[in-house]
Ligand code: A2P
(Lines of atoms letter the chains of each structure in order from A and count residues from 1; the text may use other names and numbers.)
(Lines give C-alpha, C1' and ligand atoms only; values in the text may rest on other atoms or scores of the structure.)
Protein backbone atom coordinates (compact mmCIF):
# COMPACT_ATOMS: atom_id res chain seq x y z
CA UNK A 1 0.00 0.00 0.00
CA UNK A 2 1.41 3.39 -0.89
CA UNK A 3 0.17 6.51 0.78
CA UNK A 4 1.33 10.05 0.12
CA UNK A 5 2.26 11.49 3.50
CA UNK A 6 2.27 15.02 2.09
CA UNK A 7 -0.18 17.07 0.05
CA UNK A 8 0.53 19.78 -2.49
CA UNK A 9 -1.41 22.97 -1.72
CA UNK A 10 -2.85 25.16 -4.49
CA UNK A 11 0.05 27.63 -4.18
CA UNK A 12 2.62 24.84 -4.61
CA UNK A 13 3.61 24.42 -0.94
CA UNK A 14 3.90 20.85 0.28
CA UNK A 15 2.20 20.17 3.63
CA UNK A 16 2.45 16.98 5.70
CA UNK A 17 -0.97 15.37 5.98
CA UNK A 18 -0.50 14.54 9.67
CA UNK A 19 0.81 16.96 12.28
CA UNK A 20 0.75 17.91 15.93
CA UNK A 21 -1.86 20.38 17.18
CA UNK A 22 -0.95 22.33 20.31
CA UNK A 23 -4.18 24.00 21.39
CA UNK A 24 -4.30 23.88 25.23
CA UNK A 25 -0.64 22.90 25.45
CA UNK A 26 1.08 25.06 28.05
CA UNK A 27 3.93 27.29 27.00
CA UNK A 28 7.29 26.24 28.45
CA UNK A 29 8.27 22.64 29.14
CA UNK A 30 4.97 21.14 28.01
CA UNK A 31 5.09 22.78 24.58
CA UNK A 32 8.84 22.25 24.15
CA UNK A 33 8.61 18.55 25.04
CA UNK A 34 5.50 17.83 22.97
CA UNK A 35 7.06 19.41 19.90
CA UNK A 36 10.35 17.57 20.41
CA UNK A 37 8.61 14.21 20.93
CA UNK A 38 6.54 14.78 17.80
CA UNK A 39 9.55 15.66 15.68
CA UNK A 40 11.43 12.65 17.09
CA UNK A 41 8.47 10.43 16.15
CA UNK A 42 8.52 11.61 12.54
CA UNK A 43 6.00 14.47 12.56
CA UNK A 44 6.96 17.39 10.33
CA UNK A 45 3.91 19.64 10.82
CA UNK A 46 3.30 21.69 13.97
CA UNK A 47 0.14 23.79 14.27
CA UNK A 48 0.02 26.64 16.78
CA UNK A 49 -1.69 30.05 17.02
CA UNK A 50 -1.09 33.39 18.69
CA UNK A 51 -4.18 32.64 20.79
CA UNK A 52 -2.66 29.43 22.17
CA UNK A 53 0.05 31.52 23.86
CA UNK A 54 2.66 28.85 23.28
CA UNK A 55 4.45 30.08 20.16
CA UNK A 56 7.65 30.64 22.17
CA UNK A 57 7.65 27.06 23.45
CA UNK A 58 6.88 25.72 19.99
CA UNK A 59 9.81 27.65 18.49
CA UNK A 60 12.10 26.44 21.24
CA UNK A 61 11.03 22.82 20.73
CA UNK A 62 11.73 23.13 17.02
CA UNK A 63 15.22 24.49 17.61
CA UNK A 64 16.07 21.98 20.32
CA UNK A 65 14.86 19.06 18.20
CA UNK A 66 17.85 19.37 15.89
CA UNK A 67 15.58 18.78 12.89
CA UNK A 68 16.48 21.32 10.18
CA UNK A 69 13.98 24.18 10.00
CA UNK A 70 13.35 23.65 6.29
CA UNK A 71 12.11 20.11 6.97
CA UNK A 72 9.38 21.36 9.32
CA UNK A 73 6.05 22.89 8.33
CA UNK A 74 5.03 25.49 10.91
CA UNK A 75 1.54 26.99 11.04
CA UNK A 76 0.39 29.87 13.21
CA UNK A 77 -2.75 32.00 13.22
CA UNK A 78 -3.87 35.61 13.47
CA UNK A 79 -5.98 36.29 16.57
CA UNK A 80 -9.36 38.04 16.29
CA UNK A 81 -8.38 41.11 18.31
CA UNK A 82 -5.57 41.75 15.81
CA UNK A 83 -7.71 41.71 12.70
CA UNK A 84 -7.60 44.67 10.32
CA UNK A 85 -4.92 45.61 7.80
CA UNK A 86 -2.22 47.32 9.90
CA UNK A 87 -2.83 45.25 13.00
CA UNK A 88 -2.48 42.01 11.03
CA UNK A 89 0.94 43.08 9.77
CA UNK A 90 1.97 43.89 13.32
CA UNK A 91 0.53 40.70 14.82
CA UNK A 92 2.37 38.61 12.26
CA UNK A 93 5.69 40.24 13.16
CA UNK A 94 5.00 39.53 16.81
CA UNK A 95 4.19 35.87 16.12
CA UNK A 96 7.46 35.46 14.20
CA UNK A 97 9.32 37.08 17.06
CA UNK A 98 7.76 34.78 19.66
CA UNK A 99 8.44 31.74 17.50
CA UNK A 100 11.94 33.14 16.87
CA UNK A 101 11.67 32.09 13.23
CA UNK A 102 12.32 33.97 9.97
CA UNK A 103 9.19 32.63 8.28
CA UNK A 104 6.20 30.37 8.83
CA UNK A 105 4.97 27.83 6.31
CA UNK A 106 1.33 28.74 6.75
CA UNK A 107 -0.41 31.75 8.31
CA UNK A 108 -4.16 31.48 8.94
CA UNK A 109 -6.92 33.93 9.84
CA UNK A 110 -8.18 32.18 12.97
CA UNK A 111 -11.88 33.19 12.78
CA UNK A 112 -13.98 35.14 10.25
CA UNK A 113 -14.43 38.38 12.22
CA UNK A 114 -17.26 40.21 10.42
CA UNK A 115 -16.33 43.55 8.89
CA UNK A 116 -12.62 42.85 9.32
CA UNK A 117 -11.55 39.61 7.72
CA UNK A 118 -11.26 41.07 4.22
CA UNK A 119 -8.91 43.84 5.41
CA UNK A 120 -6.94 41.22 7.30
CA UNK A 121 -6.72 39.16 4.13
CA UNK A 122 -5.14 42.07 2.20
CA UNK A 123 -2.41 42.10 4.85
CA UNK A 124 -2.07 38.31 4.65
CA UNK A 125 -1.52 38.67 0.89
CA UNK A 126 1.21 41.23 1.53
CA UNK A 127 2.87 38.92 4.07
CA UNK A 128 2.66 36.07 1.54
CA UNK A 129 4.28 38.20 -1.16
CA UNK A 130 7.09 39.13 1.22
CA UNK A 131 7.92 35.42 1.54
CA UNK A 132 7.61 35.41 5.32
CA UNK A 133 4.54 33.15 5.14
CA UNK A 134 5.04 30.52 2.46
CA UNK A 135 1.30 29.94 2.25
CA UNK A 136 -1.78 31.71 3.65
CA UNK A 137 -5.21 30.46 4.52
CA UNK A 138 -8.16 30.70 6.85
CA UNK A 139 -9.76 28.83 9.69
CA UNK A 140 -13.40 28.45 10.68
CA UNK A 141 -14.65 29.93 7.42
CA UNK A 142 -18.03 28.76 6.15
CA UNK A 143 -18.78 28.66 2.46
CA UNK A 144 -20.33 32.17 2.53
CA UNK A 145 -17.26 33.66 4.24
CA UNK A 146 -15.04 32.16 1.55
CA UNK A 147 -17.31 33.38 -1.23
CA UNK A 148 -17.10 36.90 0.20
CA UNK A 149 -13.32 36.68 0.60
CA UNK A 150 -12.80 35.34 -2.92
CA UNK A 151 -14.68 38.32 -4.46
CA UNK A 152 -11.65 40.57 -3.90
CA UNK A 153 -8.81 38.20 -3.08
CA UNK A 154 -5.73 38.22 -5.30
CA UNK A 155 -4.38 35.13 -3.54
CA UNK A 156 -6.78 32.30 -2.83
CA UNK A 157 -6.62 30.71 0.63
CA UNK A 158 -4.60 27.48 0.45
CA UNK A 159 -6.27 25.92 3.49
CA UNK A 160 -9.44 26.16 5.57
CA UNK A 161 -8.90 24.68 9.01
CA UNK A 162 -12.26 23.69 10.45
CA UNK A 163 -13.74 21.48 13.13
CA UNK A 164 -14.02 17.98 11.67
CA UNK A 165 -14.35 14.63 13.43
CA UNK A 166 -16.57 11.57 13.00
CA UNK A 167 -19.48 13.31 14.77
CA UNK A 168 -19.12 16.47 12.63
CA UNK A 169 -18.09 15.33 9.17
CA UNK A 170 -18.81 18.62 7.34
CA UNK A 171 -19.34 16.94 3.99
CA UNK A 172 -20.97 19.90 2.16
CA UNK A 173 -18.22 22.34 3.21
CA UNK A 174 -15.53 19.80 2.35
CA UNK A 175 -17.01 19.43 -1.13
CA UNK A 176 -16.99 23.23 -1.57
CA UNK A 177 -13.35 23.36 -0.46
CA UNK A 178 -12.36 20.59 -2.86
CA UNK A 179 -14.16 22.38 -5.71
CA UNK A 180 -12.11 25.51 -4.96
CA UNK A 181 -8.75 23.75 -4.47
CA UNK A 182 -8.71 24.77 -0.81
CA UNK A 183 -7.30 22.02 1.39
CA UNK A 184 -9.44 20.92 4.34
CA UNK A 185 -7.63 20.68 7.67
CA UNK A 186 -9.31 19.34 10.80
CA UNK A 187 -9.14 20.86 14.26
CA UNK A 188 -10.26 18.75 17.22
CA UNK A 189 -9.89 15.78 14.86
CA UNK A 190 -10.33 13.28 17.72
CA UNK A 191 -13.43 15.10 18.94
CA UNK A 192 -11.24 16.38 21.78
CA UNK A 193 -10.86 12.79 22.93
CA UNK A 194 -14.60 12.51 23.67
CA UNK A 195 -15.40 9.84 21.08
CA UNK A 196 -12.53 7.45 21.70
CA UNK A 197 -14.78 4.93 23.42
CA UNK A 198 -17.26 4.80 20.59
CA UNK A 199 -17.90 1.06 20.00
CA UNK A 200 -17.85 1.37 16.19
CA UNK A 201 -14.37 2.92 16.29
CA UNK A 202 -13.08 0.52 18.95
CA UNK A 203 -14.39 -2.49 17.02
CA UNK A 204 -12.82 -1.38 13.73
CA UNK A 205 -9.56 -0.79 15.59
CA UNK A 206 -9.50 -4.36 16.96
CA UNK A 207 -9.29 -5.75 13.45
CA UNK A 208 -6.03 -3.87 12.80
CA UNK A 209 -4.69 -3.89 16.36
CA UNK A 210 -5.14 -0.12 16.45
CA UNK A 211 -6.79 2.27 18.91
CA UNK A 212 -9.91 4.32 18.21
CA UNK A 213 -7.65 7.40 17.95
CA UNK A 214 -5.61 5.74 15.22
CA UNK A 215 -8.77 4.68 13.38
CA UNK A 216 -10.07 8.27 13.44
CA UNK A 217 -6.75 9.67 12.20
CA UNK A 218 -6.77 7.14 9.38
CA UNK A 219 -10.37 8.12 8.51
CA UNK A 220 -9.24 11.76 8.14
CA UNK A 221 -6.24 10.80 6.00
CA UNK A 222 -8.26 8.57 3.70
CA UNK A 223 -10.75 11.43 3.28
CA UNK A 224 -7.99 13.79 2.13
CA UNK A 225 -8.24 15.84 5.34
CA UNK A 226 -5.06 17.24 6.88
CA UNK A 227 -5.16 16.19 10.50
CA UNK A 228 -3.48 17.64 13.60
CA UNK A 229 -4.32 15.62 16.73
CA UNK A 230 -3.20 17.14 20.02
CA UNK A 231 -1.49 15.29 22.83
CA UNK A 232 1.02 16.16 25.51
CA UNK A 233 1.92 12.52 26.18
CA UNK A 234 4.90 10.97 24.46
CA UNK A 235 3.26 7.56 24.01
CA UNK A 236 0.09 9.05 22.50
CA UNK A 237 2.06 11.40 20.27
CA UNK A 238 3.91 8.35 18.93
CA UNK A 239 0.76 6.28 18.70
CA UNK A 240 -1.07 8.97 16.72
CA UNK A 241 1.68 8.91 14.09
CA UNK A 242 1.67 5.12 13.78
CA UNK A 243 -1.10 5.06 11.20
CA UNK A 244 0.66 4.43 7.92
CA UNK A 245 0.64 0.62 8.05
CA UNK A 246 -3.08 -0.10 7.73
CA UNK A 247 -5.95 0.94 5.51
CA UNK A 248 -9.65 1.23 6.31
CA UNK A 249 -12.04 -0.38 3.83
CA UNK A 250 -14.75 1.58 2.02
CA UNK A 251 -17.29 -0.08 4.28
CA UNK A 252 -15.42 0.96 7.42
CA UNK A 253 -15.06 4.54 6.17
CA UNK A 254 -18.82 4.58 5.61
CA UNK A 255 -19.55 3.17 9.07
CA UNK A 256 -17.51 6.06 10.50
CA UNK A 257 -19.31 8.61 8.29
CA UNK A 258 -22.55 7.33 9.81
CA UNK A 259 -21.44 8.55 13.26
CA UNK A 260 -22.05 12.10 12.06
CA UNK A 261 -24.55 13.99 14.23
CA UNK A 262 -23.60 17.51 13.01
CA UNK A 263 -22.86 18.46 16.62
CA UNK A 264 -20.10 20.96 17.21
CA UNK A 265 -17.74 20.88 20.16
CA UNK A 266 -16.62 24.43 19.42
CA UNK A 267 -18.55 27.55 18.41
CA UNK A 268 -20.35 28.00 15.13
CA UNK A 269 -18.32 30.41 12.97
CA UNK A 270 -21.56 32.35 12.36
CA UNK A 271 -22.05 32.88 16.06
CA UNK A 272 -18.98 33.40 18.22
CA UNK A 273 -18.38 36.16 20.71
CA UNK A 274 -14.62 36.42 20.99
P1 A2P B 1 -3.68 14.39 26.11
O2 A2P B 1 -3.15 15.68 25.55
O3 A2P B 1 -3.77 14.38 27.60
O4 A2P B 1 -2.98 13.17 25.55
P5 A2P B 1 -8.22 16.66 19.64
O6 A2P B 1 -6.96 16.56 18.88
O7 A2P B 1 -9.44 16.19 18.93
O8 A2P B 1 -8.44 18.04 20.23
O9 A2P B 1 -8.11 15.65 20.88
C10 A2P B 1 -7.18 15.90 21.90
C11 A2P B 1 -7.59 15.18 23.16
O12 A2P B 1 -7.48 13.78 22.99
C13 A2P B 1 -6.71 15.56 24.30
O14 A2P B 1 -7.51 15.57 25.46
C15 A2P B 1 -5.68 14.42 24.34
O16 A2P B 1 -5.22 14.24 25.67
C17 A2P B 1 -6.49 13.25 23.87
N18 A2P B 1 -5.71 12.27 23.08
C19 A2P B 1 -4.89 12.52 22.04
N20 A2P B 1 -4.39 11.40 21.52
C21 A2P B 1 -4.91 10.37 22.25
C22 A2P B 1 -4.78 8.96 22.19
N23 A2P B 1 -4.02 8.38 21.28
N24 A2P B 1 -5.47 8.23 23.11
C25 A2P B 1 -6.25 8.82 24.03
N26 A2P B 1 -6.42 10.14 24.13
C27 A2P B 1 -5.76 10.93 23.24
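Note: Cβ is positioned from N, Cα and C throughout, glycine not excepted.
Taken from TrEMBL, the feature active site, proton donor applies to 52. If you draw a 10 Å sphere around the CB of residue 52 (active site, proton donor), it holds 22 other CB atoms from the protein chains shown.
What TrEMBL lists as substrate binding site is 110. The C-beta environment of residue 110 (substrate binding site), restricted to residues of the same chain at least 6 apart in sequence and closer than 8 Å, consists of 49, 50, 51, 77, 78, 79, 80, 139, 140.
Look at TrEMBL and you will find 17-260 tagged as domain 'NADP-dependent oxidoreductase'.
Per TrEMBL, the feature site 'Lowers pKa of active site Tyr' maps to 77. When other Cβ atoms within 10 Å of the Cβ of residue 77 (site 'Lowers pKa of active site Tyr') are tallied across all protein chains shown, the result is 26.
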Three-class DSSP secondary structure - residue 52 (active site, proton donor): helix
Confidence summary for the domain 'NADP-dependent oxidoreductase' (17-260), mean pLDDT rounded: 98
